Ligand SMILES: NC(=O)c1ccc[n+]([C@@H]2O[C@H](COP(=O)([O-])OP(=O)(O)OC[C@H]3O[C@@H](n4cnc5c(N)ncnc54)[C@H](O)[C@@H]3O)[C@@H](O)[C@H]2O)c1
Ligand SMILES: O=C(O)C(=O)C[C@@H](O)[C@H](O)[C@H](O)COP(=O)(O)O
Ligand SMILES: [Zn+2]
């Protein structure tokens with residue numbers, strides 16, 4: 001029997017699903033899927049590193065349950081979120097003769113989840129999929145909420161679809177093979193939930209982050225709290241017409257930096273979010289909205305967790321401020337040409353600010369480059 005330590009329900013009417021969290025879910029995935037989706041065959045999408053570290057557990061459990069499956073393996077890393085790999089995944093699903101009512105499994109981090117989810121959304125005009133997140137980032141954020149897609153040379157996540165999974169299985173023991181740098185990157189998105197509107201959670205993280213990193217019971221609790229937070233927001237605003245934009249705290253800056261560094265190992269998504277959240281707090285302070293000590297406290301906690309917090313922490317040289325501003329101008333929150341930022345009045349008091357003056361953003365970035 002699978003041990004399920006937490007269940008979070010995402011109540012989206014006919015698109016509702018559960019997030020199951022537990023220590024050994026990949027070993028029981030076959031039994032869980034066989035009962036929930038009788039008769040289905042499975043197209044597993046994973047990357048080279050996860051294929052080595054975690055795929056054998058999933059394959060063994062599907063075989064034990066007698067479920068038919070084919071695996072499509074893509075290269076690990078952010079550059080795999082590309083048109084080229086959408087084509088490879090879609091053609092792989094078709095070559096495996098998976099039918100519209102079969103299921104795609106995304107086994108991996110956010111890259112595999114976003115890519116496989118998008119491929120599922122367009123294959124045979126829409127196949128269902130199951131998220132099996134194996135990175136901390138994917139367990140607390142990307143596997144939940146239905147944003148899928150790829151990057152473009154024009155910007156981050158500019159191509160995609162809203163496509164909710166049918167089920168999320170978050171196996172806590174999968175995190176045992178994740179590198180410390182990747183774990184820390186995922187932790188930035190954990191901190192994000194506290195900074196948006198839950199100052200008590202941020203305080204709890206300050207007190208418990210060592211146990212979360214060490215793999216104690218606080219880890220599962222943190223993951224469940226993040227999923228519950230994200231589920232609440234997604235239920236209220238599935239397609240980001242309003243409050244869901246709060247989940248983008250730190251991302252306008254972060255995405256521009258990811259594009260500038262070529263979607264490479266120079267800056268992981270969570271690292272960009274870490275720097276972006278510090279910039280969002282500091283910018284809010286410069287605009288007279290938030291106390292300076294809050295930005296300092298946020299930066300101190302992220303730094304203590306092994307994350308970069310300043311532009312100078314990014315290895316190599318950055319493009320010009322104009323280049324960064326051009327990337328920011330392609331952000332999906334831009335409306336009628338006006339910039340939207342998630343700003344804050346302090347820890348746990350984020351808000352959506354429309355019509356932010358680009359000249360102020362540009363001057364702020366100039367200041368931060370010299371800091
Ligand atoms: N859809 C959303 O709502 C959403 C939310 C947040 C982030 N994202 C996206 O998610 C992506 C980042 O996700 P990520 O941080 O998981 O990156 P990732 O998918 O690249 O995974 C990180 C690295 O860790 C490896 N890995 C993953 N699980 C492992 C395991 N258990 N053992 C060993 N290695 C493992 C992967 O192979 C990869 O090299 C970005 O593209 C970001 O834009 C999407
Ligand atoms: O789910 C959301 O909504 C988020 O904004 C979560 C983010 O952590 C995530 O990085 C998301 O992919 C960013 O969305 P985007 O719309 O700015 O591409
Ligand atoms: Zn993110």
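Each residue, glycine too, has its Cβ placed from N, Cα and C.
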With 189, 269 listed by TrEMBL as Zn(2+)-binding, which of these, 251, 281, is given for the same site?
251
Which state, by DSSP, holds residue 110 (NAD(+) binding site): helix, strand or coil?
helix
CB neighbours of residue 189 (Zn(2+) binding site) within 10 A?
27
From the binding-site residues 189, 251, 269, pick the residue whose C-alpha lies nearest to the C-alpha of residue 110 (NAD(+) binding site).
269
Can you grab the distance from residue 156 (NAD(+) binding site) over to residue 251 (Zn(2+) binding site)? Cα atoms, rounded to a whole Å.
10
Need the DSSP three-state call for residue 251 (Zn(2+) binding site) to compare against my parser.
helix
When secondary structure is assigned with DSSP, how many helix, strand and coil residues does the domain '3-dehydroquinate synthase N-terminal' (72-184) contain?
50 helix, 34 strand, 29 coil
